[in-house]
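Now, the feature entries from Swiss-Prot:
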MOD_RES   82  N6-acetyllysine
REGION    82-86  region 'Nuclear localization signal (NLS)'
MOD_RES   87  phosphoserine
CARBOHYD  102  N-linked glycosylation site
CARBOHYD  121  N-linked glycosylation site
CARBOHYD  137  N-linked glycosylation site
CARBOHYD  141  N-linked glycosylation site
CARBOHYD  211  N-linked glycosylation site
């Protein structure tokens, strides 16, 4: 069984959003460190673990401050008490700070549960083809094959010449380098796997060449590739809770899980 290699050395050099933000702001760094650099005198022990309310004048003399993602309220020992995501262009005011400090409900922001509107508004840039002519098998040892001109299916086969061979192209986004977006193309063709809705078959769509930049409605061509040991998962960028899946006596589709099969083995060098 081929070992899934560590891929995307190219992605390790991607800059983070914080680095991009800090270079574009003259008087105030929005890196996480800047929230802790404000100098204050020591607090009494009884004040520990209480939220610290900061006014605009204490943070900066700049009259208007904008930021991209979120701000936090922390205790004096560094423990995060509350997180709040605001508008991309919303100014921070004293009222914002008071509302966050006094809000009894803590909002936990999880990058992996980013809403569709956020992911679909991101721009993905093509890096390179990272895998050539590999085969996908599900956990029932079924192999993905062509059902017709537009659809794929899974079946137990004896001749690997019947299997669909895929190429995998890697993309990156400056806004999120924690995931691995890829595009799947049938080898030696210009047919690309395209997602639809839940329980709907994935489609094979022809494009004259691989998209160098993908955004908006075109994200249905992208999938987040995740690996766990020898298991590989392909999560739709357009529908982040749905996986490429096989289903008994059905076409390859998008599904959340059982009874569909969402984990695959990649077989390389089968030409």
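Note: Cβ is positioned from N, Cα and C throughout, glycine not excepted.
When the C-alpha distances from residue 121 (N-linked glycosylation site) to the glycosylation sites 137, 141, 211 are tabulated, the minimum falls on 211. Rounded to a whole value, the Cα-Cα separation of residue 211 (N-linked glycosylation site) and residue 137 (N-linked glycosylation site) is 27 Å. Of all Cβ atoms in the protein chains displayed, 20 besides its own lie within 10 Å of the Cβ of residue 137 (N-linked glycosylation site).
All chains included, 10 other C-beta atoms sit within 10 angstroms of the C-beta of residue 141 (N-linked glycosylation site). In the shown protein chains, 18 other C-beta atoms lie within 10 A of the C-beta of residue 211 (N-linked glycosylation site). If you draw a 10 Å sphere around the CB of residue 121 (N-linked glycosylation site), it holds 12 other CB atoms from the protein chains shown. Look at residue 211 (N-linked glycosylation site): DSSP puts it in coil.
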